[in-house]
Amino acid sequence: MHQLHTPATATLRGRLSSAGFIVVLVCLAVATVWVIAGNLQPELLRPSQGDYVMDHLTGEFGRRPDEFSLFGLPMDFMCYWMAGRSLLSGHDVWETAYHVYNGNGVILELPFTYPPIAALFFALWALIPLEISSTLWQVVSLLLWGWIVYASLGLMRLSEARRLVVTPLVTVASFLLFPVWGSFYWGQVNVAIMALILVDFYRPAHRESRFAGVGVGLAAAIKLHPAFFGLLFLAQKRYRAAVTSAVTFFAVSIVSSLVVPGGLRYWVDIMLDTNRFDGIKNATSQSILVVLKRDYGMQSPTLWLVLSAVLTLLCFFALRVLVKRGQIVAACALTGLVMCLVSPFAWYHYYLWLLPLAIAVVGAALMSFERRVTGERPLLLAAGALAILTASLAILLPYMGADYGLSVDLHDQIRVDSPEENTGLWTWWSLALAVGVSVGSIAFPPIRAPRR
């Protein structure tokens, strides 16, 4: 059985000073209030007051949802639910597009783009009326997101008492990040995918099971790109789990393709057709290949292949180091970030991995600072914690959301009408972050907890 965590794992349990912890709590509390205030604005919560828009496709009128409110009916989940209902009626879910409402009240035709097993999964949700189903979906997603935060803090060895205090604050404060906000705003499946993946990695070594790898396999069957996490299995030398994930993927994909009408056609005609959802042209799609094509006009995939190969190799070496040190949160987060970058296509809300990356890096930085401070110096420790959190905020600033009064969010980085003026800041910043974490993991010695 291969070790997932080692005694050398950097820990926060009983190590982070009271002064440093208080600073962390205050900063998280401020961020939490900021998020709540940003999403409870009166103009977002009040009903549309009889304001209706006409569907130019059918000529029918429909109520406009509350603009940009997290508490409205999420557009992407509407598509999932309608596709599930179509499957229950025996139809090919990829044959038609579904009429959904986006945040601005515009009625759109949105195609279903997921593999056959996803259609079966969403058919279960379509057994419940849409309004109830969407509410349950959001609640389940929020609970899963809270578990991801709680488990990540646990693997950083934060004490149970502190973890219970910090988890709800981090969960709410994380909505400052545009990928988190976007996943819930659109009702995306990303959080469930992330939870499936982490089930295979967020476990102690002595709990390795014969089913390890099933989570990654299912996640890949639903959304393909999680197959990249096979790289982390290899870095951990968990070859059985890697094989299990591959077998799960193929078994689930084959069976569901035979059961779902048109399932085999998905793999031949639909899987790589980004024109179905205008993916390349949409400025909120962010990956190396998309940016090179859309923002720089490079149609040849050569540069993308070279950059992806180099980044993947660098990531693998960094993962080997992180695994050896038992820093599994950082390893999972780095794998997820690189997965988004090298993927042929990635929406901005795929970048949920920024949160566990922030937890791992900020935790390591706090411990590194405290290890160098000798004696009881609460003011110095508090100042150091504040400086680390401020620096982290600056690094994460390009990922902050539009609803919080920030001027560098994704929509300020892109120009939909003039794509040639875009610079791909989001993607290149993410690339720099991935390279920096990888090189830092390889070049710097492990962080050891300070002696008290």
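Glycine is treated like the rest: Cβ placed from N, Cα and C.
Automatic, uncurated: that is what TrEMBL annotation is.
Copied over from TrEMBL:
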- 20-40: transmembrane segment (TRANSMEM)
- 112-130: transmembrane segment (TRANSMEM)
- 136-156: transmembrane segment (TRANSMEM)
- 168-199: transmembrane segment (TRANSMEM)
- 211-234: transmembrane segment (TRANSMEM)
- 246-268: transmembrane segment (TRANSMEM)
- 302-323: transmembrane segment (TRANSMEM)
- 328-345: transmembrane segment (TRANSMEM)
- 351-367: transmembrane segment (TRANSMEM)
- 379-400: transmembrane segment (TRANSMEM)
- 426-447: transmembrane segment (TRANSMEM)
Inset, instruction - Please give the sequence-distant neighbours of the transmembrane segment (426-447): residues at least 6 beyond its ends with Cβ less than 8 Å from one of its Cβ atoms. - result: 8, 10, 286-288, 290-291, 307, 311, 314-315, 317-318, 321-322, 325, 327, 330, 334, 337-338, 340-341, 348, 351, 357, 361, 364, 367-368, 371, 395, 398-399, 410, 413
Inset, instruction - Would you confirm whether the transmembrane segment (211-234) and the transmembrane segment (20-40) meet the contact rule of 3 or more C-beta pairs below 8 angstroms, pairs 6 or more apart in sequence? - result: no
Legend entry - Of 136-156, 168-199, 246-268, 379-400, whichever stretch has the most CB pairs under 8 A to the transmembrane segment (20-40): 168-199
